[in-house]
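Participant: Residues or ranges marked as compositional bias 'Acidic residues' in Swiss-Prot: 58-69. The phosphotyrosine annotation in Swiss-Prot covers Y14 and rests on similarity to another entry. For S60, S64, S226, S227, S233, the entry in Swiss-Prot reads phosphoserine, with the evidence type similarity to another entry. The feature phosphothreonine is assigned by Swiss-Prot to T62. If you look up Swiss-Prot, you'll see 1-60 marked as region 'Interaction with N(0)'. The region 'Disordered' annotation in Swiss-Prot covers 28-69. The region 'Interaction with the L polymerase' annotation in Swiss-Prot covers 49-105 and is backed by similarity to another entry. Feature annotation from Swiss-Prot assigns region 'Oligomerization' to 109-170. Annotated region 'Hinge' per Swiss-Prot: 171-193, in sequence order, evidence recorded as similarity to another entry. Taken from Swiss-Prot, the feature region 'Interaction with the Nucleoprotein-RNA and template-binding' covers 245-265. According to Swiss-Prot, the site 'Involved in oligomerization' annotation covers W138, T141.
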Amino acid sequence: MDNLTKVREHLKSYSRLDQAVGEIDEIEAQREEKSNYELFQEDGSEEHTKPSYFQAADDSDTESEPEIEDNQGLFVPDLEAEPVEGFIQEPLDDYADEEVDIVFTSDWKQPELESNEHGKILRLALPEGLSGEQKSQWLLTIKAVVQSAKYWNLAECTFEASGEGVIMKERQMTPDVYKVTPVMNTHPSQSEAVLDIWSLSKTSMTFQPKKASLQPLTISLEELFSSRGEFISVGGNGRMSHKDAILLGLRYKKLYNQARVKYFL
């Protein structure tokens, strides 16, 4: 105890105590942690083999892994084992595959024209197997055909199918021939002498205005219809009078109400 007391008293009077303590802390911080086994090796103890607890761990790791790899995919059926009751071994397929022609058929539904209290209905079935874009193109084509009926008579058109599609042409109509019964001592009027009113398509007709400030209305069938087919498609016929044909054209062009207010029709 006396020696320990003397050491403590000496350290208290030691002027470089703080520096020595700092150097000791720095050395301890740089010192790597080592296992007892490694410390024994540094001390010069000759250890040719690792301790038993290290060997046991290494042996278990090296033996378990190859065993798992060797057992994968090496199932060998036991030929001498008893067969399972109810199991029938089927013969293996040993024939060669042959090419077989496959034909995809579809039931085409024909267009149907129906009549009911609301009028006539035409039903067109959509072709099978169309993609979304093809379906849209098909619908637009049908719509275009329907809208074209405003400008010509579809029933009078010719239909031609080609490799690229369909061609519809306006049929050139021949003038309608009607029998005229002559009347004695009378002179036929211009409308009676004309076999087809469309022959007067370039002849203008004048309607007088109801007000003096307006100019007379002069118009012809050629200005109201682009062709005889268009004239026929909206209800015209060759036996109409010239005036009736002009009035039909005004109604077709939606000008009749305006003309009726301003002119004597």
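Just so you know, glycine gets a Cβ as well, placed from its N, Cα and C.
Quick one: how deep are these features, and who are their neighbours?
Facilitator: Non-local contacts of S226 (phosphoserine) by the CB criterion (under 8 A, 6+ apart in sequence, same chain) comprise Y151.
Listed in sequence order, W152, E170 are the same-chain residues six or more apart from S227 (phosphoserine) with CB atoms under 8 A from its CB.
Of all the Cβ atoms in the protein chains shown, 21 others lie within 10 Å of the Cβ of S233 (phosphoserine). In three-state terms derived from DSSP, S233 (phosphoserine) belongs to a helical segment.
If you average pLDDT over the region 'Interaction with N(0)' (1-60) in this model, you get 65.
Same-chain residues lying 6 or more positions outside the region 'Interaction with the Nucleoprotein-RNA and template-binding' (245-265) and placing a CB less than 8 Å from one of its CB atoms are 197, 205, 207-211, 214, 216-217, 219-221, 223-225, 231, 234-236.
In sequence order, L126, P127, L130 are the residues near W138 (site 'Involved in oligomerization'), counting only same-chain partners six or more apart with C-beta under 8 A.
When other Cβ atoms within 10 Å of the Cβ of T141 (site 'Involved in oligomerization') are tallied across all protein chains shown, the result is 12.
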Participant: Measuring Cα to Cα, how many angstrom lie between S233 (phosphoserine) and T141 (site 'Involved in oligomerization')?
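Facilitator: Their Cα atoms are separated by 21 Å.
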Participant: As a quick check of your reading of DSSP, tell me how many residues in the region 'Interaction with the Nucleoprotein-RNA and template-binding' (245-265) are helical, how many are strand and how many are coil.
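Facilitator: Going through the region 'Interaction with the Nucleoprotein-RNA and template-binding' (245-265) residue by residue, I get 15 helix, 1 strand, 5 coil.
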